[in-house]
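Chemist: Below are the features listed in TrEMBL for this protein:
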TRANSMEM  B:6-26  transmembrane segment
DOMAIN    B:9-83  domain 'Glycine transporter'
TRANSMEM  B:33-50  transmembrane segment
TRANSMEM  B:62-82  transmembrane segment
TRANSMEM  B:89-110  transmembrane segment
DOMAIN    B:95-167  domain 'Glycine transporter'
TRANSMEM  B:116-141  transmembrane segment
TRANSMEM  B:153-172  transmembrane segment
TRANSMEM  B:178-197  transmembrane segment
């Protein structure tokens, strides 16, 4: 399988996982059907949209290709219709979500590189891409964003993965560095949840 | 009356209605005078501003012409001074609001067309233009956006109107299609409120 | 000392004060370490970022220069480590904050001038630059933005200072007008707090 299709598939899985996370959060707050679909949508595209706006890549990515919108709406409707079945896929969804986090972060970094931004800023962009969909979801649902209060290793995984990506580039080619970064982020996230790692409260 | 002046007048009425809706929401939460005016402002320009930022039309529209700002500030001050009188205009305001919703949606779609975006994305842009001023208003007032929770036909009217606009274009010229779309959105919204139509909860 | 270094130093002090205000607000809500640093970050760069996005100056300013990011992270960590000591600097911080408000407002106006925007819009841009970092901070912390509800003279100081800047330009050169605007904003803000001036509720 060529590298690009591989990336696209993982990105698709990430989009699906992020959409479902938004849909479930919205159903918990008893929104109506439209609200639930919109919440799935902003969770999936929010991070990338903020990134694109901040670096001036407009129209933002989801406007240039109907695939993303189609995947999100389909996922949203299926999730609403089969909510019990989807809920049972909890572990599967968690893996998609971790994979999506890793890949969204790497995609975000690449967009920064394409704009000739400093590596540190690229890591910030990657983290924004991976995390800020969930931030917008939580703001719209009127709660303090989860990544700031759950003391979980989430954004931290993106930052570590981003740094490792840049360090790898010294010895390895770009594709390999990207693959390593995705694996690192994904692994940190999964291990952190399994072992219940937390950031210190201050 | 030429078509453009007609559009401008309806847009003005929509801006006035949206400003008043923001001002009233802010007064209910007992904000100070500055907060009330700002809330009127963001409700009126929020949707168009998000649209412009997403498609990269900057500086955003309200910065290029003082009319909008002037209308909003004047409306805001008059609403604060004569709040009881304005409140009695409830039905009139509701009609302005429905008209504004229809026209803002069509304006948003046109901006998408000008950027050569796909019809489906244009409908999304129209809906954002019509609805997201209210979303920002509600976020700033620390409540879950009304369009997600009131189960009213609001964004749904924009989406239906947007689709009808594109279908009309097959047989009709642009101006006629626009007029039809505005009438459809406006009518759906009014009838939905009169008959208490709701979206299903999920 | 040349004028530019003077500006940079005041901007730095403003950034520090705004970061600390975000960090303290976040610690009150018991966020984790990452949440606290992000909150310091968005409070310091939020106003300028919204301004840049609205006028289409992208990538936004903090991405083009690592100084801002470095200052914010350093300030954030020091504040977390020495929170008691920093809290005792309350009066000093308040002065930094007032200075930062004045200077951020003037910087915002200059960016509007560079885009040939109308003076009234430039004043709005200045006010956004000075105030909207705090607005984003409050939205993320799930409370109605302080500047809308505390009835304090905050945004009002920016608006008055902005108007005086434009009036001064008739007789004075730009640098002098800027200095006067910064002093006016800073003084109004300090006097307003000392004398407990408030905007009327409506």
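The backbone N, Cα and C atoms fix where each Cβ goes, glycine too.
For each feature listed, report its degree of burial, its nearest neighbours and the pertinent distances within the displayed model.
Modeler: Sequence-distant contacts of the transmembrane segment (B:116-141) (same chain, six or more residues past either end, CB-CB distance under 8 Å): 18, 21-22, 25-26, 29, 39, 42-48, 50-51, 54-55, 100-102, 104-109, 147, 154-155, 158-159, 161-163, 165-166, 185.
Tertiary proximity for the transmembrane segment (B:153-172) is limited to same-chain residues at least six positions away from its ends with a CB under 8 Å from its CB atoms, namely 101-102, 105-106, 109, 119, 122-123, 126-127, 130-131, 146-147, 178, 180-182, 184-185, 188-189, 192, 197-199.
Outside the transmembrane segment (B:178-197) by six or more residues, the chain places 10, 94-95, 98-99, 101-103, 105-106, 109-110, 130, 152-154, 156-158, 160-162, 164-165, 168, 172 with a CB less than 8 A from a CB of the stretch.
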Chemist: Would you mind splitting the domain 'Glycine transporter' (B:9-83) into helix, strand and coil residue counts from DSSP?
Modeler: 63 helix, 1 strand, 11 coil
Chemist: Establish whether the number of Cβ pairs under 8 Å between the transmembrane segment (B:62-82) and the transmembrane segment (B:33-50) reaches at least three, counting only pairs separated by 6 or more residues.
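Modeler: Contact between the transmembrane segment (B:62-82) and the transmembrane segment (B:33-50): present.
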Chemist: Same chain, outside the transmembrane segment (B:89-110) by at least 6, Cβ under 8 Å from its Cβ: which residues?
Modeler: 7, 10-11, 13-18, 20-21, 47-48, 51, 122-123, 125-131, 154, 157-158, 161-162, 165, 178, 181-186, 189-190, 193
